[in-house]
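Enquirer: One structure coming up, written as structure tokens, with questions to follow.
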Amino acid sequence: MQLETQDALYVALELVIAALAVAGNVLVCAAVGASSALQTPTNYFLVSLATADVAVGLFAIPFAITISLGFCTDFHGCLFLACFVLVLTQSSIFSLLAVAVDRYLAIRVPLRYKGLVTGTRARGIIAVLWVLAFGIGLTPFLGWNSKDSATSNCTELGDGIANKSCCPVTCLFENVVPMSYMVYFNFFGCVLPPLLIMLVIYIKIFMVACKQLQRMELMDHSRTTLQREIHAAKSLAMIVGIFALCWLPVHAINCITLFHPALAKDKPKWVMNVAILLSHANSVVNPIVYAYRNRDFRYSFHKIISRYVLCQAETKGGSGQAGAQSTLSLGL
């Protein structure tokens, strides 16, 4: 099948994004695994986020490319391809929400934080959040799908009954997942509320931090620790903001499709392609933010790339630098 120029460009850009997403987020996971300074509950949630982004590069983007070509397949196979990215998106949102709550506790109750948020509890929470993400993302399999309309043209069997269970459909996202699910359940129910909650949490974090910084009785050490927490919160708020900017265009188009179908029919194909590319590009951004905002991540990235990519031997001064870096173990 020969691709049009527009489709070929879309596929090429998706493949570039997939490669960068996998490489960058595998590097994040390796950095946390290799550096004791990065093995904090906050970063466990970031590893969960990175895992979702790796899966976007390995699976969701190839699935999206497949769906964009509109090949014929059975309904439930196409539905799985369409829903898998919803699972990963929901997992990312839950991971970001968990990080926001974690940072709020670190600033609101600093003396009790280490007892409340342990590595074991963080890993347990991550497991629960992934189960919830799969449940939410695969909800269309429970019946909230477009099977009746997608298979309405199936040929009837000899007894006059259409065999819809094995009827091939043109595998396009809107052919299998109804916009009512995407807008009312996915966006209004599962995406927008967590984003608004995170907005409130980060506003509260900065309000609490500013009040504490204004207290004259704060000792120099406590003040330095709090400033590091504020720096971490700013970095994480930046990640949430980038996530919202990357994903809201897709949801805006879905809302237009549902509420103004006549207007949606006239939209060029490239508009949706650009929105999808932007949402997938979000999986590339986070490692860049970590490297730019956090010395521990930056040092660990450099160490891993030097040793395993450039095949350079580690210098003797490396352990000393790692020791100096390990004093900052507050996430970002």
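Every residue gets a Cβ built from N, Cα and C, even glycine.
According to Swiss-Prot, the protein carries these features:
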{"type": "TOPO_DOM", "residues": "1-8", "note": "topological domain 'Extracellular'"}
{"type": "TRANSMEM", "residues": "9-33", "note": "transmembrane segment"}
{"type": "TOPO_DOM", "residues": "34-43", "note": "topological domain 'Cytoplasmic'"}
{"type": "TRANSMEM", "residues": "44-67", "note": "transmembrane segment"}
{"type": "TOPO_DOM", "residues": "68-78", "note": "topological domain 'Extracellular'"}
{"type": "DISULFID", "residues": "Cys78-Cys171", "note": "disulfide bond"}
{"type": "TRANSMEM", "residues": "79-101", "note": "transmembrane segment"}
{"type": "TOPO_DOM", "residues": "102-121", "note": "topological domain 'Cytoplasmic'"}
{"type": "TRANSMEM", "residues": "122-144", "note": "transmembrane segment"}
{"type": "TOPO_DOM", "residues": "145-178", "note": "topological domain 'Extracellular'"}
{"type": "CARBOHYD", "residues": "Asn153", "note": "N-linked glycosylation site"}
{"type": "CARBOHYD", "residues": "Asn163", "note": "N-linked glycosylation site"}
{"type": "BINDING", "residues": "Glu174, Asn254, Ser279, His280", "note": "adenosine binding site"}
{"type": "TRANSMEM", "residues": "179-203", "note": "transmembrane segment"}
{"type": "TOPO_DOM", "residues": "204-235", "note": "topological domain 'Cytoplasmic'"}
{"type": "TRANSMEM", "residues": "236-259", "note": "transmembrane segment"}
{"type": "TOPO_DOM", "residues": "260-267", "note": "topological domain 'Extracellular'"}
{"type": "TRANSMEM", "residues": "268-291", "note": "transmembrane segment"}
{"type": "TOPO_DOM", "residues": "292-332", "note": "topological domain 'Cytoplasmic'"}
{"type": "LIPID", "residues": "Cys311", "note": "S-palmitoyl cysteine"}
Enquirer: Where, among 9-33, 44-67, 79-101, 179-203, do we find the most CB pairs under 8 A to the transmembrane segment (268-291)?
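Expert: Out of the listed stretches, 9-33 contacts the transmembrane segment (268-291) most.
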Enquirer: What's the number of neighbouring CB atoms sitting within 10 A of the CB on Cys171 (disulfide bond)?
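Expert: Excluding its own Cβ, Cys171 (disulfide bond) sees 24 Cβ atoms within 10 Å.
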Enquirer: Under DSSP, the topological domain 'Cytoplasmic' (34-43) has how many residues in helix, strand and coil?
Expert: 7 helix, 0 strand, 3 coil
Enquirer: Given Ser279 (adenosine binding site) and Cys78 (disulfide bond), what distance in Å do their CA atoms have, once rounded to a whole number?
Expert: 20
Enquirer: Please spell out the DSSP helix, strand and coil residue counts for the topological domain 'Extracellular' (68-78).
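Expert: Helix, strand and coil residues of the topological domain 'Extracellular' (68-78) number 5 helix, 3 strand, 3 coil.
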Enquirer: Please give the maximum pairwise Cα distance, in Å and rounded to a whole number, for the adenosine-binding set Glu174, Asn254, Ser279, His280.
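Expert: Farthest-apart Cα atoms in Glu174, Asn254, Ser279, His280 are separated by 18 Å.
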Enquirer: Measuring Cα to Cα, how far is Cys171 (disulfide bond) from Asn254 (adenosine binding site) in Å?
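Expert: The Cα atom of Cys171 (disulfide bond) is 18 Å away from the Cα atom of Asn254 (adenosine binding site).
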Enquirer: Taking DSSP three-state, what's His280 (adenosine binding site) in: helix, strand or coil?
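Expert: Going by the DSSP assignment, His280 (adenosine binding site) falls within a helical segment, counted as helix.
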Enquirer: So how many other Cβ atoms are close to Ser279 (adenosine binding site), meaning within 10 Å of its Cβ?
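Expert: Excluding its own Cβ, Ser279 (adenosine binding site) sees 22 Cβ atoms within 10 Å.
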Enquirer: Sorted by position, what residues of the same chain at least six away from Glu174 (adenosine binding site) have a C-beta under 8 A from it?
Expert: Ser146, Thr257
Enquirer: Where does the mean pLDDT land for the topological domain 'Extracellular' (1-8)?
Expert: 75
Enquirer: What's the CA-CA gap between Asn254 (adenosine binding site) and Cys78 (disulfide bond) in angstrom, rounded?
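Expert: A Cα-Cα distance of 19 Å.
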Enquirer: What's the number of neighbouring CB atoms sitting within 10 A of the CB on the residue listed as 'S-palmitoyl cysteine'?
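Expert: There are 7 of them.
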Enquirer: Would you mind listing the long-range same-chain contacts of the topological domain 'Extracellular' (260-267), meaning Cβ under 8 Å and 6+ residues beyond its ends?
Expert: 253
